[in-house]
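Annotated features, as they stand in TrEMBL:
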DOMAIN    13-214  domain 'Phosphoribosyltransferase'
BINDING   85, 110, 137, 138, 139, 140, 141, 142, 143, 144, 145, 206  5-phospho-alpha-D-ribose 1-diphosphate binding site
BINDING   200, 205, 206, 207  uracil binding site
Ligand code: PRP
Ligand code: URA
């Protein structure tokens, strides 16, 4: 059984609300509408942790009574990049916390037979080297999709990238850490293993299908 301590780049966002919502998310009986709401809520809670190190600068504010000191997040340019499709489910929740963030998109799907990622779309804001990227995908299984997405971002000039997922398999964490040791990984859960079809156990099934009601 893998422990988070085995992986130096991995952080688990451990919070009672995240555990509760993740349990509902895993439930095979959870319908699409609730599944979508839960992904959105967990992503928002995770973004709170993922942005803990944002740099503040002192500012001042005029209250109705007087001028006082305050704090403003320093003008970092934050960009959310969902991996299509399932990563889309994480965007709105995070934008509610960080409404000024830009959103790029990376289109990738995992070939059902080879489990290799196939890429079909890439679009991110232009000033890539000045931006901090939060790469989003609920599932880190073999790690092929996340690793390919990071490679694409780096090829475009990105250097500050963090990967946020809801459920990670040890195999995926190992692969992403080996390919991109500079990319911190945040997850709500480190699950046990992959099955012979590359699905995470215990997992939550196919995140894209459950989010969008396809199958
Ligand atoms: C799922 C998931 C990840 C990928 C993870 O997407 O959302 O992108 O699989 O698997 P990996 O770590 O083994 O690469 P999928 O390929 O099913 O595409 P979809 O989001 O369009 O359904
Ligand atoms: N992609 C998913 O959506 N679920 C898994 O368990 C593995 C890959």
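Glycine is no exception: its Cβ is also placed from the backbone N, Cα and C atoms.
For ligand 2, the neighbouring binding-site residues among 141, 143, 200, 206 are 141, 200, 206, by Cβ distance under 6 Å.
Taken together, the residues of the domain 'Phosphoribosyltransferase' (13-214) have an average pLDDT of 95.
Between the CA atoms of residue 200 (uracil binding site) and residue 137 (5-phospho-alpha-D-ribose 1-diphosphate binding site) there is a gap of 14 Å. The residues near the uracil site, meaning same-chain residues not in 200, 205, 206, 207 whose C-beta sits within 8 angstroms of the mean position of the site's C-beta atoms, are 138, 139, 167, 199, 203, 204, 208, 209, 210, in sequence order. Among the binding-site residues 143, 205, the residue whose Cβ has the fewest other Cβ atoms within 10 Å is 205.
The secondary structure of residue 205 (uracil binding site), as reduced to three states from DSSP, is coil rather than helix or strand. Within the same chain, residues at least 6 positions away in sequence whose Cβ sits under 8 Å from that of residue 85 (5-phospho-alpha-D-ribose 1-diphosphate binding site) are 109, 208, 211, 212.
Rounded to the nearest whole angstrom, the C-alpha distance between residue 205 (uracil binding site) and residue 139 (5-phospho-alpha-D-ribose 1-diphosphate binding site) is 10. Using Cα positions, the member of the binding-site residues 137, 139, 143 nearest to residue 207 (uracil binding site) is identified as 139. For ligand 1, the nearby binding-site residues are 143; that is, of 143, 200, 205, these have a C-beta under 6 Å from one of its atoms. Look at residue 145 (5-phospho-alpha-D-ribose 1-diphosphate binding site): DSSP puts it in a helix. Here residue 137 (5-phospho-alpha-D-ribose 1-diphosphate binding site) comes close to 82, 83, 86, 87, 90, 145, 146, 149, 163, 164, 165: these same-chain residues lie at least six apart in sequence, with C-beta atoms under 8 angstroms from its C-beta.
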